[in-house]
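Taken from TrEMBL, the feature domain 'G-protein coupled receptors family 1 profile' applies to 41-290. Positions annotated as transmembrane segment by TrEMBL: 26-47, 59-78, 98-120, 140-158, 197-216, 237-260, 272-292.
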Amino acid sequence: MEPGNATSISEFLLLGFSQDSEHQTMLFGLFLSMFVVTVLGNLLIILAVSSDSHLHTPMYFFLSNLSFTDICFTSTTIPKMLVNIQTQSKTITYAGCIAQMYFFIVFGVMDTFLITMMAYDRFVAICHPLHYLVIMNPRLCSLLVLVSWFLSLSHALIHSLLVLQLSFCSNWGIEHFYCELAQVLTLACSDTLINHILLYMVMGLLGFVPFSGIIFSYSRIVSSILRIPSTNGKYRAFSTCGSHLSVVLLYYGTGLGVYLSSDASSSSWKGMVASMMYAVVTPMLNPFIYSLRNSDIKRALQRLIGRKLYVH
């Protein structure tokens, strides 16, 4: 069997971090703490929304889905990286690499759709408040989430199937801490033109179309808020979307960094830093942004924690 054939690959090497044992220990502690905070923070958001009937609204339905997606998103990369650091190994099996790449794409795309849906929800709530419950009915919200899952799963499946058709050279070292699609494509010996066309076309669409929807929603929101006569009324209206706007800026800011650094000619270190911000830091900060800036979430969390303490 030829060494460059994809079927002969047993594993890839993840060359993302230093071999120094002192740095490895520091990285293990850092990423373990970030992973625990991310999982617990997003899990608390899900529990708070599900346990409080006042939060059974479209906005918090999307937020709980975002928290679930963020837990899954972080879980595709960090646990494997922690195992590799602990065992002083940098390997990942070929099947494991494809699976990691698939789920990373699924949850990354799903995040994009959910953030866009939340912007649309805020647009309807502020610009069409009298028709909010009619427009944002449970059936529509569920349908939006189901369609988003279908598109995310299909998009990731297409990329994964195309990668499975590639042959790889003898150099199987990935200059990253996880199996990132653009990095995997640089190792292929066979023609990757179709893969790259699809990669940048879909990344462009998933960046431009949802972001355009968010910009449109917020332009209408700002226009409606400016027509409110009282300053207090303007503040209350804007405060309902302040948390979401913070998440949008954080998500698209880090996502743009990943997009710009995904080219093979870019610095691998810059690409890893951008990816860490996008895949680790952003999911960790989302619960803090919503809990610190949202009085409804804070009250729900206080009731949830108080109930647990009372039970114990």
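The backbone N, Cα and C atoms fix where each Cβ goes, and this holds for glycine too.
Residues 59, 62-63, 65-66, 69-70, 72-73, 76-77, 80, 92, 141, 144-145, 148-149, 151-153, 155-157, 159-160, 163-164, 178-181, 184, 206, 210, 213-214, 217-218, 244, 247-248, 251, 255, 278-279 of the same chain, all 6+ positions outside the transmembrane segment (98-120), place their C-beta atoms under 8 angstroms from a C-beta of that stretch.
Counting Cβ pairs under 8 Å to the transmembrane segment (272-292), the stretch among 26-47, 59-78, 140-158, 197-216 with the most such contacts is 26-47.
Regional average pLDDT for the domain 'G-protein coupled receptors family 1 profile' (41-290) in the model is 86.
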